[in-house]
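The structure appears right after this line, and notes come after that.
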Amino acid sequence: MSTTLPHETIPTASLIKVLVVDDSALVRQLLKTIIDAQEGMQCIGVAKHADMALRMVKELHPDVLTLDVEMPGMSGLQLLRILMHSQPLPVIMVSSLTLDGAQTTLDALELGALDFVTKPSVGVADGLTQLAQQVVEKIRTAATARIGYAVKPQPARRVAEPAAAFTPTKPFPPNPLHWHPTGPHAHPTAKAPPKVAAHAPRHTQHLPHTAIKLIAIGASTGGTDAIRTILQAMPALCPPIAIVQHMPAGFTRSFAERLNSMCAIEVHEAEDGERLQRGHAYIAPGGRHLRIRQNAGIAQIALGDDEPVLRHRPSVDALFRSIPHTIGATHCVAALLTGMGADGAAAMLELRLAGAHTIAQDAESCVVYGMPREAALLGAASEIRPLAHIAQAILDYAETRQAPLSKPHS
């Protein structure tokens, strides 16, 4: 089986050096074979346990590390925690498709792992091909990122005054890393999470008269943390929120449940046919498109198993394109967050041209400045905001869009 795959060309300074850490000899060999088959990429070593990995990181200085979630002795999470505080570098977790594996993977993302891939069933050709594609794409993405510096709040473009920050409803979990696309040899530096103002949001908890009927959000690499940041700032009865995060089946339910425990709003994995409700966020299930449909004048979730869009299912484009003829673009605020590629950019331009208010995350606060960059280049963004200001920008706009009131009878 050939493991050389077509990929999006991403400029890098030199060979991408990868260290593989896994207790399974079979997985170590498989990952090494996949990596060494790629142009501009080399597996410089393999480690079968955490102590060996720590030594090899110090000696070999890899650009990217793949890390098994579950290892005997020191676990993948314990090793990740040490690395993120002593020698931070881009880490891609290798996870099993189990409930425990999903929870541990989400823990790893909160600790600072950049992304994850899932292990296929041994001997399944389709699964091995999919693993090869995931590994190659995510290593190339990781090689364009570095651990960032403290981001200074930037004034929003096309907005008169920067929005005030929100106080989150619950504490942020620790996440020492923020990533920025600069190249594989950038020097890592730890960064504290953005500071949040101590005062309460200046919005009411209900926004009772807003004409905004939907907030639509799309994200990919780095999106789990970005989505959490936005949802934690949302008041309990905000407009309904539809979310596409590129994530495989088996992980989105755990992701939604985790968000639900952190937020004032209700967050859950979307189900086909459910009615959109204020104060609810709907996460697209892994492997299924999420769209909006109208049924007897009622806006509902529509899940689909049709072909991937730009190789993604769920797809941000699919969600955004379902909005104009259902909710109506003028009743929507759409945000495109961190992620590699272009999913969501073209459809966000269509939304903006149809009257939606659109927001792209800025380069400095992105883990990977891909999707929002494409949106900005197309002119698809009404405004460009740092992550820490996006929730406020959404609610600022919703507050200005008052639903028309009935005229009094004369």
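Keep in mind that glycine also has a Cβ here, set from the backbone N, Cα and C atoms.
Residues in the domain 'Response regulatory' (17-134) partition by DSSP class (helix H, G, I; strand E, B; coil) as 57 helix, 26 strand, 35 coil. Sequence annotations record features per position, and here TrEMBL assigns domain 'Response regulatory' to 17-134.
If you look up TrEMBL, you'll see Asp68 marked as 4-aspartylphosphate. Under 8 Å, Cβ to Cβ, and six or more positions away along its own chain, Asp68 (4-aspartylphosphate) finds Val21, Asp22, Asp23, Ser24, Val27, Gly76, Met93, Val94.
Residues or ranges marked as domain 'CheB-type methylesterase' by TrEMBL: 208-401.
Under DSSP, Ser220 (active site) is assigned to coil, being neither helix nor strand in the three-state scheme. For Ser220 (active site), the same-chain residues 6+ apart in sequence whose C-beta sits under 8 angstroms from its C-beta are Gln245, His246, His312, Thr338, Gly339, Met340, Gly341, Asp343, Val368, Gly370, Met371. According to TrEMBL, the active site annotation covers Ser220 (among others).
The Cβ of His246 (active site) has 23 other Cβ atoms within 10 Å, all protein chains considered. Positions annotated as active site by TrEMBL: His246 (among others).
As annotated by TrEMBL, active site applies to Asp343 (among others).
The Cβ of Asp343 (active site) has 30 other Cβ atoms within 10 Å, all protein chains considered.
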